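Visitor: Let me give you the structure first, and then I'll get to my questions.
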Amino acid sequence: TQGNTCGGETCSAAQVCLKGKCVCNEVHCRIRCKYGLKKDENGCEYPCSCAKASQ
């Protein structure tokens with residue numbers, strides 16, 4: 001979930017805590033998105049969430 005503290009930083013909802021560091025979540029789903037998957041400020045993809053045209 002968003003806001004998890006991990007080794008002194010806060011992970012986004014698209015990240016998981018691994019060995020004290022926020023890393024991109026490796027969960028993927030089989031959906032097609034016109035504009036690709038939604039990404040956080042670190043470039044990590046949110047699982048099964050489509051991006052909007054403006055991203």
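Every residue, even glycine, has its Cβ placed from backbone N, Cα and C.
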Visitor: Going by the disulfide annotation in Swiss-Prot, which one of Cys11, Cys17, Cys22, Cys24 is bonded to Cys44?
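Guide: It is Cys24, per the disulfide annotation in Swiss-Prot.
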Visitor: According to DSSP, folded down to helix, strand and coil, what is Cys29 (disulfide bond)?
Guide: coil
Visitor: Based on DSSP, tally up the residues of the domain 'Antistasin-like' (24-50) by helix, strand and coil.
Guide: 0 helix, 10 strand, 17 coil
